[in-house]
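Chemist: As annotated in Swiss-Prot:
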REPEAT    14-100  repeat 'Solcar 1'
REPEAT    112-204  repeat 'Solcar 2'
REPEAT    213-299  repeat 'Solcar 3'
TRANSMEM  16-36  transmembrane segment
TRANSMEM  69-89  transmembrane segment
TRANSMEM  118-138  transmembrane segment
TRANSMEM  178-198  transmembrane segment
TRANSMEM  219-239  transmembrane segment
TRANSMEM  272-292  transmembrane segment
Amino acid sequence: MERSRVTREAPTGTRILLASLSAMVAESVTFPIDLTKTRMQLHGSGSASGAHRIGAFGVVSEIARKEGVIGLYKGLSPAIIRHLFYTPIRIIGYENLKGLIVRSETNNSESLPLATKALVGGFSGVIAQVVASPADLVKVRMQADGRLVSQGLKPRYSGPIEAFTKILQSEGVKGLWKGVLPNIQRAFLVNMGELACYDHAKHFVIDKKIAEDNIFAHTLASIMSGLASTSLSCPADVVKTRMMNQGENAVYRNSYDCLVKTVKFEGIRALWKGFFPTWARLGPWQFVFWVSYEKFRLLAGISSF
């Protein structure tokens, strides 16, 4: 049965709350996959000879064996903190920017071309990522620390607060934004793929009578957006992860140097390291997020995304 089309304009505060809550649920459910992706992307980082290939299941088995099941959630707290800033800014930013374009062109939002939606989504993602980059840095560092623990070494940080403090002390305020360039490049590509594709695909599915505005339409749209955003963003994600994991003794001078060295020492395929776990995370993450967000909006009496 088609959901009722509620048209009440939602207060910005309500939309921020719903987006944050949906993101927290999605992040908690899919975080072990994100950890697997990060460990795979760091595998072979800085090695001139490359390293033997290791698959997603091998990484998960190694983490569970050496760090226990709790090791699969290493870095969850900064990840949730990040999403309290990142997701509301990009989601509400996308809706508001799209609304401005619609009002200026006296058009309706569903008729906007995909290219326009893609640019709006990318720009919203850039703004959100600049704000959330310090929390993203801490998340990556804490996820990478698990490798030290598995080798019997002491981790660099005991928690997110200590991580923030140590980074500030040793690398300065600018250190919190280390890797921000590949970070925003990835954010632009991810949100260009996710927001625009989800928005466009959902309305296409509904308009073509493939499904009504329900969980089936949301699932189809989230699968398509997950594939699009993963394909576009994976190379930038690899570079971002390696740049952000660097401490004071940097292996890479900048994101371009990281890109060149990765291809030189590990081959072009290394730019898509972690593609499967990235997609395996983005797919479920987007499914959980969008289904939750659409449901929360419906319960709050707000029109669908």
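Placement of Cβ uses the backbone N, Cα and C atoms for every residue, glycine included.
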Chemist: What average pLDDT does the predicted model assign to the repeat 'Solcar 1' (14-100)?
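Modeler: Averaged over the repeat 'Solcar 1' (14-100), per-residue pLDDT gives 83.
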Chemist: Using DSSP, what's the helix, strand and coil tally for the repeat 'Solcar 3' (213-299)?
Modeler: 73 helix, 0 strand, 14 coil
Chemist: I need to check the long-range neighbours of the transmembrane segment (219-239): which residues 6 or more away from its ends have a CB within less than 8 Å of a CB in the stretch?
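Modeler: Residues 37, 41, 182, 185-186, 189-195, 197-198, 201-202, 205, 210-211, 255, 258-259, 262, 270-275, 278-279, 282-283, 285-287, 289-291.
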Chemist: Going by DSSP, how much of the repeat 'Solcar 1' (14-100) is helix, how much is strand and how much is coil, in residues?
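Modeler: Taking each residue of the repeat 'Solcar 1' (14-100) in turn, the totals are 71 helix, 0 strand, 16 coil.
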